[in-house]
Every structure is written in C-alpha cells, then in structure tokens.
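A.B. asks: Pulled these from TrEMBL:
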REGION    1-171  region 'CPSase'
DOMAIN    2-132  domain 'Carbamoyl-phosphate synthase small subunit N-terminal'
BINDING   S46, G220, G222, L249, Q252, N290, G292, Y293  L-glutamine binding site
ACT_SITE  C248  active site, nucleophile
ACT_SITE  H332  active site
ACT_SITE  E334  active site
Amino acid sequence: MHKAYLILENGTVFEGKSFGAEGEAVGEIVFTTAMTGYLETLTDPSYYGQIVVQTFPLIGNYGVIPSDFESDCPHVKAYIVRQWCQEPSNFRCEGDLDIFLRKNGIVGLYGIDTRHLTRIVREHGVMNGKIVASYDGTVPEEIKGYRIIDAVKNTTCDKEEVFSPEGEVKRRVVLYDFGAKANICRCLVKRGCEVTVVPAYTKVERVKEIAPDGIMLSNGPGDPAENTEIIEELKKIAELKLPTFGICLGHQLLALAHGAKTEKLKYGHRGANQPCKEIATGRVYITSQNHGYAVVNDSLPAGAEVSFVNANDGTCEGVCYTDEPAFSVQFHPEACGGPLDTGFLFDRFVELMDEYKNV
Ligand SMILES: NC(=O)CC[C@H](N)C(=O)O
C-alpha cells in the first residue's frame, strides 16, 4: 500500500496509507461514531460530497454484504479509517472493503490517528480536506473553495418505480426520493404499503394523478435551503392535506416549506446512539443519525411544534404540524445502521393514513 496524506483546510496534515481507489479526493470532512453499519454508511446517499471518517478503529470485519446496502453504490467522496479488516468473516460476506472501494472508485485512507482528526473537527467545526498521494508542504487552493452543490439532483432517481407488498395493498404512498435510503421503502412495504418512489422534482399534479393515501419525504444530501424549487412544490403538496411523514432532509424541506429556517451545525450528528427526547412523553430514544443541518427551533411558524429535541445539544429533532396531518423527524427511524427503537413512527404514519382514509 502506498503512502497517502490528508490535508485539512487549516493546514494540518496526516500521513497514512492508501486503500480502495488510487487518486485524490477533496470533500467535506465528517465523522461518524457508529461502531457498525459501515456498509449502510458507505451507501447512504446523504453522504454525497463528504469524506467520512469512522471513529470506531476497526472497520470491515464482516466484509461486503450487498443486501445491507442503502442504495446501489457508495456515495461518500472518500473514506477514512484507522484500520480496515483484511480478513473479513461472515456467512453473508461477499468480499472485502478494499476491493469494494476500488471497484467503485472511492479513495480510501487508513493508518491515521482518527481520534486526533475527530477532535480537530469537533473543536474547529466541520471543514474541508483533501486526500493526496504526495504532499509538498502547501494547502491546495481547491480545499477552501470546495462546496457541496446539486446534491439532490445527483442522487435522486430519474424515473418512478413502484414497490408492492407481498400480501394485500392496504395503503398507497408516494415516496419523494431526495437521495433516499432503501430501508425507508422497505419499512413502508413491510407495513402493507404500495410505494411509488418518485424523483425529487416531481410536481404536485403528478402526485394528484397517483392519488396516494400519504406522502413520505426521504432523507438526502446537501444544504436543505439550496432546494428552492422542491420547497416551492412542497408548499403546494402541503395544501393537499394528505398524511405526510418526513425524515432528515425530508423533515428539513417540509419545515422550510412552512417558512421555518435551517442552520448548519458545528459538526453535525452522525452515529447510532444519539439520544432524542420526545416532548410529549419526556421519553428519550436512542437514534441513528446523519445530518449536518438542523431546523432552527425558534423559527417554526404557528401550527408547527417541536416534537423531539436532541438530548445532548437541544437542537430540533422533530416537528409536528397541528393544522395538517403531518410530522417529521431529523433522525432515522428506519435505522440501518443503528437502533430500531423509533420504528414505531412508521406505525404512526400508517395509522394516520388509515384514519384519513376513513373520514
Ligand atoms: N441524512 C439526511 O437526510 C441529511 C440531511 C441534510 N443533508 C443534512 O446534512 O442535514
């Protein structure tokens, strides 16, 4: 394995070794504290444009298992680990991480002090960086200027697709794909929903033609406020007053469509053990998360209430709309990877659809 370097925007340099694809990669450095679920992380489209650092020191122990993927291919810009497992072991394993990254053109770096790197990002805030094969003592210009743009455009599907449950179709859902994780669709299909996955720029007229019982707004990458066209369409979709459930980017876009604001967090929440408190019950759930932006609590308009807050930093983790059958969460109830504790939110959505069907 060759030597490779990570150069940070602030001039810090880490020397490590290359794995995966050879080459260079510039991106936004983010860290995830999840101890497992690296395949779900790699293939979650929300990581588009980001160089992901795993804080857990040994990654790849169970190899590559395609049925765990959250989309067809990895979306991370590059991948950094302390150590990758060269002899994975699992009855479902179909290969190792190095070959998987190489095949998919993802540059990897290992053998650096990921704890030190994480501390820098945590204290300084999220920053850009570049992985290079050689270092000449200078910080490349492109690092500072890097910005993730057109993220949803580059990760949404290009045509509609219908997923049907095995048994009877109990309700029909339109799932807006802003860069959706596959498990959102699986969670709905499992509950007897026929899911029509639609591209992110689908107009309200098409939704009316499909005439679903509910609307699901998926997760996705990038700055939520950048999606002005989608936000305008969501305003019209909200007028249909259909049961609506938003997750992560979907949650942020729904709030923006109602006039709320979003902000970039210092270093985001990425991991599988983020505590979230439900305001109505005071109960704390352990959640799976991957986001860099959040809805500003105080910016919510009348008719929208904070339903969950992050127990660590008090940021908005959920919104409930009092004049519409709509709710959303910043965390991932579909988990994958991560705890399944908040899967009941899909049951709530299904109940909401059934309630509205009967009125
Ligand atoms: N997982 C997501 O949907 C992330 C939403 C958004 N891109 C953020 O970083 O905040």
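Every residue, even glycine, has its Cβ placed from backbone N, Cα and C.
Let's see these features in context: how buried, what's close, how far.
C.D. replies: The Cβ neighbour count for Y293 (L-glutamine binding site), using a 10 Å radius over every protein chain in view, is 19.
A coil conformation is recorded for C248 (active site, nucleophile) in the three-state DSSP classification, outside any helix or strand.
Around the Cβ of H332 (active site), a 10 Å sphere holds 27 further Cβ atoms from the protein chains shown.
Of all Cβ atoms in the protein chains displayed, 26 besides its own lie within 10 Å of the Cβ of E334 (active site).
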A.B. asks: Checking the spread of the L-glutamine site as listed (S46, G220, G222, L249, Q252, N290, G292, Y293): what is the longest Cα-Cα distance, in whole Å?
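C.D. replies: Largest Cα to Cα distance for the L-glutamine-binding set is 13 Å.
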A.B. asks: What is the set of residues, excluding S46, G220, G222, L249, Q252, N290, G292, Y293, whose C-beta falls within 8 angstroms of the centroid of the C-beta atoms at the L-glutamine site?
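C.D. replies: So the additional residues around the site are A151, N219, P221, D223, P224, C248, H291.
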A.B. asks: What mean pLDDT does the predicted model reach across the domain 'Carbamoyl-phosphate synthase small subunit N-terminal' (2-132)?
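C.D. replies: Summing pLDDT over the domain 'Carbamoyl-phosphate synthase small subunit N-terminal' (2-132) and dividing by its length gives 98.
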A.B. asks: Could you round the CA separation between S46 (L-glutamine binding site) and E334 (active site) to a whole angstrom and send it over?
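C.D. replies: Between the alpha carbons of S46 (L-glutamine binding site) and E334 (active site) there are 14 Å.
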A.B. asks: Compared by Cα position, which of the active-site residues C248, H332, E334 is the closest one to G292 (L-glutamine binding site)?
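C.D. replies: Looking at Cα distances from G292 (L-glutamine binding site), the smallest one goes to C248.
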